[in-house]
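Q: What follows is a structure written as C-alpha cells; I'll ask about it next.
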Amino acid sequence: MAKQVFQTTFAGRELIVETGQVAKQANGSVVVRYGESTVLTAAVMSKKMATGDFFPLQVNYEEKMYAAGKFPGGFMKREGRPSTDATLTARLIDRPIRPMFAEGFRNEVQVINTVLSYDENASAPMAAMFGSSLALSISDIPFDGPIAGVQVGYVDGQIIINPSQEQAEQSLLELTVAGTKHAINMVESGAKELSEEIMLEALLKGHEAVKELIAFQEEIVAAVGKEKAEVELLHVDAELQAEIIAAYNSDLQKAVQVEEKLAREAATQAVKDQVTAVYEEKYADHEEFDRIMRDVAEILEQMEHAEVRRLITEDKVRPDGRKVDEIRPLDAVVDFLPRVHGSGLFTRGQTQALSVLTLAPMGETQIIDGLDPEYKKRFMHHYNFPQYSVGETGRYGAPGRREIGHGALGERALAQVLPSLEEFPYAIRLVAEVLESNGSSSQASICAGTLALMAGGVPIKAPVAGIAMGLISDGNNYTVLTDIQGLEDHFGDMDFKVAGTRDGITALQMDIKIQGITAEILTEALAQAKKARFEILDVIEATIPEVRPELAPTAPKIDTIKIDVDKIKIVIGKGGETIDKIIAETGVKIDIDEEGNVSIYSSDQDAINRAKEIIAGLVREAKVDEVYRAKVVRIEKFGAFVNLFDKTDALVHISEMAWTRTNRVEDLVEIGDEVDVKVIKIDEKGRIDASMKALLPRPPKPEHDEKGEKSERPHRPRHHKDHKPKKEFTETPKDSE
C-alpha cells in the first residue's frame, strides 16, 4: 500500500495522519503528527483464539527519551520499565478500546504506541489514543470502532479542548473523555472542587470534540481500511446451555441471593462444582472433552451474570439485600497505629482500607524525569492490594497497572485539597493498604487518606470522600447503583467513581463494558453520587471534626523561610561550603529549591531557630533609614568602612562622623570600634553610605558675643571608647574619595 497523508486542524493545531509507509507488516499502523508530537501506532492480532476466559488485549505507550532530546537516566542510559505516566496513559487508551470488541472474541491483540517526537503543547497521549483507534479501524482486526479521546480544561469559566501546557497549569480541571460518536465510554479526571453541573458540561463538550475526531477517522478508514477478518468467537453449545439452565438455574439463583460475600461465593462455587463434576463424568471419554468443559464453565458464568442483573432490574433487589441507592455500613477510625505521623482506617461493608501518612522534608520529593521537563513531585499516594484482602493466594511483587492506576486516582482526589508549600513545607506520602475488598477499594483508600491527613495535622482545605456508582442496562431500561460491591462491578455495565468535598468534585473515573452511556445516565449517576458522598463525609466528620492543630510528636519539625533567588548561591557558598558549615554547626538538615524556599528540619526546635538566624543574616539586605550597630573594619583618609552585618559593609564619610569638622578620621574612630550608624543612601550598584552624626543631637547655632565675635564652638561628643583622648584640629582637609 502506497503512502497516503490525511490532514485536518483540531483544537488549533495541525493533525496529520500518514499510512502505508512504516510498520507495514502489522495488521494496521499509522503515524500521527499532532503539533510537533509524533506517535507511531501498530496493531497486531494473533492467528488463533487464545486459551483462557478473557480477552487478551495489551496496550503499550512507550516513551522514547530521544523524542524530547533527552538521555535516559540511570547507569544503563537506556529506556527500561515504563514510567508511571506511561503506565497510566496505556490504561487510559486500553479502557475505551476494550468494550469495542465482540463478546466471545479471544484472539490476542496488541496495540503498541511509540512516542517518536514530543511537543509538550500538543498532547502525545491523545495522539496515541487517536492512533490506537485508527490503526485498529483500518486493519483487518474485528474492531467495532472508531473511538477517540480529548483532554478538557476549565480556565476563567471557559471549557478548553486539548489545553496547552500554560493553559493546563491555570486550569481548574484536568479531564480526559473518550467515546464513540454515539456516547461516552471512558472518563478520567481531577478537578478543584467543581460542581456536578460544570463537570457534566465539560463531559458533553468533550464528547462533541470526540465526534470531530471520529469523523476524521471514518474518512481515513473509507480510503485505506482493510476488510475485516473472519475470526472464530467463543460460542457455547446451545443444547448444552439449555440443559444446564433447566437443571441447575434455580440452585444458582438461590446461591446468588445469599447476602454475605464469603457465604455467597461458597454457595455459588458449590453449585458450579456440582455441575462440573456431573459433566466431567458424563463426557470423560468424549473427544471434545476440553471444549465441553470450557462451555460448562462459560455457561455457569453466564447464568450467574444473568441472575444478578435480573435481581436488580426486575426484582429491584441487590445481592446483599440493599436498595439501589443504599450505602453499606460505614466505620471510620483514626490513630489506628502508634509512632506513625498519621493513620486512618475506613470500612464500607466488606471493603476496608488502612491509610498511613508520612511527612518528610522537601529533599524527599520524587524527581520525575520523563518527556516533560524534570520536576519534583511533593505528594505521593500509593495503593497496595494484597491477595489476602479477597481471601486468596496470588502474586506478590512490584505493583501492577491496576495498583498504579488506583493510587493515581486517589492522588488526584486528595491533591486538590492539600495546603500550598508555603503553608505546609513538607513532602507528603500516603500509603493505602487494602485489608478487605468487596468492591470500591480505591474509594475506600481516599476516605482513609482523608482520615490520616486530618489526624496527622495536615491542614487540608476540606475532607474528601469517594463512592463508586454502577449501572445495569438492557438497552432500553437502566438502573444506577450506589456503592457497588464486587459482584455488581463484575457483572454490571459501569464502574463510575466520584470523589469530592461538600463543595465539589475532585476526581472522576468511569469505565464501562457497553459501548457508551447517555447524558441522562451521567446526570443521574452524578446526583446519586453527591448524596452518597455527603453521607460518607458525615461519618468522617463525626470521627474527626477538624484537622488537628499540631503534628504528631514523631513527625519532623520543619520551618521554612523565603529568600531571593539571587541569594541562593550566598547560602550554599562555594562548593557548598557555607551550607555545610551551617549544618555542622546546628545539626539541622536544609533543603533549598530553585524558587528560594529554604526548608530547615530537625527534631530540635532550637537548632532550627539558630539555623534560621544564620541564613537570615546571610541574605539580609541593608535598607535606607535603618540603624545598625556596626564595627569599624577599615579606615581611609576620606572616611571609615563599617561592617553592618555579615558581609555587608558601608562607608561613613568623614563629613558624616560628627557635626563638628575634623581632618583626621583616626581622631574619631579606630579599627575595631563599635558605632551606631544610620543608612542614608544605597546607590544603583548596591554601595551603601551611612552616617554617625545622623544619630547625634544637632548642636545649637553659634551665639555672638558683645563684640560680634563667635563664641568658641562646642566640644565634640565623646566617642564610645574613651581609653585615649582625641586631638583637637583647626584645619579642614579637602574631602576626597
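These residue numbers are counts, starting from 1, taken along the chain as shown.
Cβ atoms are placed via backbone N, Cα and C, with glycine included.
Annotations for this protein, taken from Swiss-Prot, read as follows:
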type: BINDING; residues: Asp489, Asp495; note: Mg(2+) binding site
type: COMPBIAS; residues: 700-714; note: compositional bias 'Basic and acidic residues'
type: COMPBIAS; residues: 715-724; note: compositional bias 'Basic residues'
type: COMPBIAS; residues: 725-737; note: compositional bias 'Basic and acidic residues'
type: DOMAIN; residues: 556-615; note: domain 'KH'
type: DOMAIN; residues: 625-693; note: domain 'S1 motif'
type: REGION; residues: 691-737; note: region 'Disordered'
Q: Within its own chain, what residues at least 6 apart in sequence put their Cβ under 8 Å from the Cβ of Asp495 (Mg(2+) binding site), listed in sequence order?
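A: Expected: Ala468, Met469, Gly470, Ile484, Asp489, Gln509, Met510, Asp511, Ile512.
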Q: Pop the mean pLDDT for the domain 'KH' (556-615) in here, whole number is fine.
A: 90
Q: Per DSSP, what is the residue count of the domain 'KH' (556-615) in each of helix, strand and coil?
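A: Across the domain 'KH' (556-615), the residues distribute as 32 helix, 16 strand, 12 coil.
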Q: 10 Å Cβ neighbour count around Asp489 (Mg(2+) binding site)?
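A: Looking across every protein chain shown, the total is 17.
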